[in-house]
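Notes follow the structure.
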Amino acid sequence: GTRDHPPAHVVLRDRLLAAVVACFKRHGAAAIDTPVLELRETLTGKYGEDAKLIYELQDQGGERLALRYDLTVPFARYLAMNKITNMKRYHVAKVYRRDNPATTRGRYREFYQCDFDIAGQFDPMIPDAECLKIVHEILSDLQLGDFLIKVNHRQVLNGVFAVCGIPESKFLTACSTVDKLDKMPWEEVRSEMVGEKGLSPEAADRIGEYVQLHGGLDLIEQLLQDPKLSQNKLAKEGLGDMKLLFEYLTLFGITGKISFDLSLARGLDYYTGVIFEAVLLQQENEHVEEAVSVGSVAGGGRYDGLVGMFDPKGRKVPCVGVSIGIERIFSILEQRVEASGEKVRTTETQVLVATPQKHLLAARLKLISELWDAGIKAEMLYKKDPKLLKQLQYCEDTGIPFVAIVGEQELTEGVIKLRDVARREEVRI
């Protein structure tokens, strides 16, 4: 369920990661790194129903360890351990999940995550808006086609549950069911709520009226006027936040790609405020009006309580962050490159050192050594007397742009012939 990457894929992935990291740096984030192994108790109790996917390991010394499941919980532990209350950071690294891999859909047991987080006590919704701007920038930079960023708020969702008559003890399970609305129709979600989660049919129907709504500022205004929701403290606070957020997103000029979507729940336990998820939209063909979603390629939200869980004194550090689903994006780009038949250069070699006659291995070794020492990326064939045609063919195949040819005549005159492979032109140097 993990995968081997041939060289061409590694090059593609590096290009992707470089574009993402460039965006993080543009927003002033510093890089940090945390260990792959965490203590098991660091991870347990942070992921809700997904806890069964944590990769646990037993150390010979009896220590219970686990492989990191994401980069957010280790970041919260890092802040608490080092008593840091203010930080803007990014982290690109592998995470591990004991999931049923679905390699065709870009789901693996070992995969990269690219995270950006802002930790610290700031005025409401300003950092949150920046996180959404980053998602918008990255998805635009990578030119993946049309996308939509869905946004919701944990307090609005909890307020909705409360006014629909759901006991607080069932908020989280109701949440994880609502979150399935993008994958299955409301009827199925409703029957799971009533059948498996034990909610009353009336409550489920009342929830249905809300969670199928989506829109922008207009919807926020409409919900602020809603007779039931406007009476609920949580919902009112959450909607106030959403209104601010949309004002800032309007100033960033990105509301066209953003939808306030009440069905978005993101199954994780640790979110406390804004939550968001980006999906790529695929126009199947000209006749289909509805755009089809390819699945989530980025997600995140505010998690103000997480750092406090690791602090012995329970000191809180508010945080908001985003994770870019680089493997999903990578699967899409891979398919595109394969479809286009474009060849990806897998090395950065600039020059092949070649000889036209026999008995010139010494000349090649001396020359290539000089090139390497001068910082020039060079290769040669590992044969004593390779044929010139073979050497030129190797350049064609691998995309090496230049050949430095040193033969008997060149040695006598103290020159080399430099051949431009694509143009098939030679100059003497």
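Every residue gets a Cβ built from N, Cα and C, even glycine.
Where the annotation comes from TrEMBL, it is an automatic prediction and has not been curated.
TrEMBL lists 1-356 with the feature domain 'Aminoacyl-transfer RNA synthetases class-II family profile'. What TrEMBL lists as L-histidine binding site is Asp70, Leu71, Thr72, Arg97, Gln113, Asp117, Arg266, Tyr270, Tyr271.
Residues Asp70, Leu71, Thr72, Arg97, Gln113, Asp117, Arg266, Tyr270, Tyr271 are recorded as binding L-histidine; their most distant pair of Cα atoms lies 21 Å apart. When other Cβ atoms within 10 Å of the Cβ of Asp70 (L-histidine binding site) are tallied across all protein chains shown, the result is 18. Shown in sequence order, Arg154, Gly301, Arg302, Tyr303 are the residues of the chain, 6+ apart in sequence, with a C-beta less than 8 angstroms from the C-beta of Tyr271 (L-histidine binding site). Within 10 Å of the C-beta atom of Thr72 (L-histidine binding site) sit 25 other C-beta atoms, taking all shown protein chains into account.
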